[in-house]
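Record features, source Swiss-Prot:
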- Cys379: active site, nucleophile (ACT_SITE)
- His511: active site (ACT_SITE)
- Glu513: active site (ACT_SITE)
- Ser14, Lys187, Thr188, Lys189, Pro190, Thr191, Gln192, Lys223: UTP binding site (BINDING)
- Ser14, Asp147, Ile148, Glu149, Lys187, Thr188, Lys189, Pro190, Thr191, Gln192, Lys223: CTP binding site (BINDING)
- Ser15, Leu16, Gly17, Lys18, Gly19, Ile20, Asp72, Lys239, Asp240, Val241: ATP binding site (BINDING)
- Asp72, Glu140: Mg(2+) binding site (BINDING)
- Gly352, Leu380, Gly381, Met382, Gln383, Glu403, Arg466: L-glutamine binding site (BINDING)
- 291-538: domain 'Glutamine amidotransferase type-1' (DOMAIN)
- 1-266: region 'Amidoligase domain' (REGION)
Amino acid sequence: MKTNYIFVTGGVVSSLGKGIAVASLAAILEARGLKVTIMKLDPYINVDPGTISPIQHGEVFVTEDGAETDLDLGHYERFIRTKMSRRNNFTTGRIYFDVLHKERRGDYLGATIQVIPHITNTIKQRIIECGEGHDVVLVEIGGTVGDIESLPFLEAIRQMAGEVGRDHTLYMHLTLVPYIKAAGEVKTKPTQHSVKELLSIGIQPDVLICRSDRAVPSNERAKIALFCNVSEKAVISLKDVDSIYKIPALLKSQYLDDYICERFSLKCPKANLSEWEQVIYQQANPVGEVTVGIVGKYIDLPDAYKSVIEALHHAGLKNRIAVNICLIHSQDVETRSVKILQDLDAILIPGGFGYRGVEGKIMTAQYAREKQIPYLGICLGMQVAIVEFARHVAGMPEANSTEFVSDCKYPVVALITEWYEENNNRKLSNLGGTMRLGSQPCKLTYGSLAYQIYGKTIIMERHRHRYEVNNMLLKQIEAAGLRVAGLSEDYKLVEMIEYPAHPWFIASQFHPEFNSTPRDGHPLFTGFIKAASEYQKKQLNKM
């Protein structure tokens, strides 16, 4: 079967939820038995988002093959079963980087390199390669129509219709239809102007998704269809909802999937959304409620911890517990003391880089350990737990990570190239100083709490870090009571730790949040929320 392409653009304003809309449509098509994948094309010049500040761009989502990608790929994986890879996300910077590399290598045989055809051809080639073996590829174009940065992508997708055939391409445009309170009606003019802008580029949209805070009336949809030259049944109202997991059903109720399958001549059964109905039911009918504190330094933009926040809510679904999330700046712990943590039912320290706020995280880990509060540390959250335990239990008062103090007396966390043999000779490794990225196997210690949670010995989880627990100091830490619960496949690197003297104190070097989905959850987060509920009950019994 020939691959079909759905190109999704945005208009009027940004942040309308284009990624969620794309993922929701993909979920419906997948529920019809189609093999679906999604791409995100980002117009910024960075080669990838790996070095962009989380405060500016949100989290970096890591794929199984180790690509550092846009957070929208996290939405894609949470809505469909297909796993994303480095092929599913690229930027303007990556395209130019690759084209210039080829030019320097002489691949273009001295030709003058231009946006058309060299840049656009590279974009089209990547789209076609990603679509191989799939029935439908949804391609989300980042940014807003009219932005200068998006023009090469828009030109490339315009050309795609001529290359793969108009019968196998569909252009979908998502716009804002604002409600004007003073007039008491929605206004369609911004959508008309946005479509006009798209037409000037040579793209006639086939489907319009109208975002609004309320349902767009049928007469207004008919007006949009008339002025924008779109079929009336292809003008879809997408109102605000209290849960993003209601959007697949909302789109299906307007027969968007039927329209697309008819357009592509796809013969497939009706979508079965029973799994999503179950998710919505669990979300609407909790039997309990807990408060989890996320202690980090990027809390000014919650999207910096998007996958962690979503994973906590997924765990709440599995436990039928509503999860209230309290974002706490780690520097506030330093300046205002750990008292700001006292009303929490559980504490999570997520990943991060840099020294700012790290002492507040160490104080938080100590508070959770001493007060017997359920604790989940992720990446840096595991490293600060190691540092805290070494300082206050294992007899290493000056313990630290070399990321923060390069010449510390007890470098319990360090680059592998900074580990020292007992005779003080540097132990070198070709792994040192490199970022560990992507999915890697971890061997769990039989009988550990981690083993009980996962229910198996070998697990696969995704990594994004440079620093590791220093094996040269590990024996002293273990002798003080901390348990290594998981090791890398070669038994050389610590992947998980736990504290047996605590009811639920676990930390991982990997990022389990990237494998959590609303339909399946994740065992580590599910166990964490269950422990939070049990802790809450114990505290109530003490009153």
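Here the Cβ of each residue, glycine as well, is placed from N, Cα and C on the backbone.
The C-beta environment of Glu140 (Mg(2+) binding site), restricted to residues of the same chain at least 6 apart in sequence and closer than 8 Å, consists of Val8, Lys18, Gly19, Val22, Ile38, Met39, Lys40, Leu41, Asp72.
In three-state terms derived from DSSP, Glu513 (active site) belongs to a helical segment. Across the binding-site residues listed here (Ile148, Leu380), the residue whose Cβ sits among the most other Cβ atoms within 10 Å is Leu380. For the region 'Amidoligase domain' (1-266), the model's average pLDDT works out to 94. Counting neighbouring Cβ atoms within 10 Å of each of the binding-site residues (Ser14, Thr188, Thr191, Gln192, Gln383), the lowest count belongs to Ser14. Summarising the environment of Gly19 (ATP binding site), the number of other Cβ atoms within 10 Å of its Cβ, over all protein chains shown, is 22. Glu140 (Mg(2+) binding site) falls within a strand when secondary structure is assigned with DSSP. In this structure the C-alpha atoms belonging to Gln192 (UTP binding site) and Ile148 (CTP binding site) are separated by 20 Å.
Other Cβ atoms within 10 Å of the Cβ of Arg466 (L-glutamine binding site) number 15 in total over all chains. In this structure, of the recorded positions Cys379, Met382, the smallest number of CB atoms within 10 A of the CB marks Cys379. Here the binding-site residues are Gly17, Pro190, and the one ringed by the most other CB atoms within 10 angstroms is Gly17.
Listed binding-site residues: Lys187, Lys223. The one with the lowest count of other Cβ atoms within 10 Å of its Cβ is Lys187. Within 10 Å of Lys223 (UTP binding site), counting C-alpha to C-alpha distances, fall none of the recorded positions Ser15, Gly17, His511.
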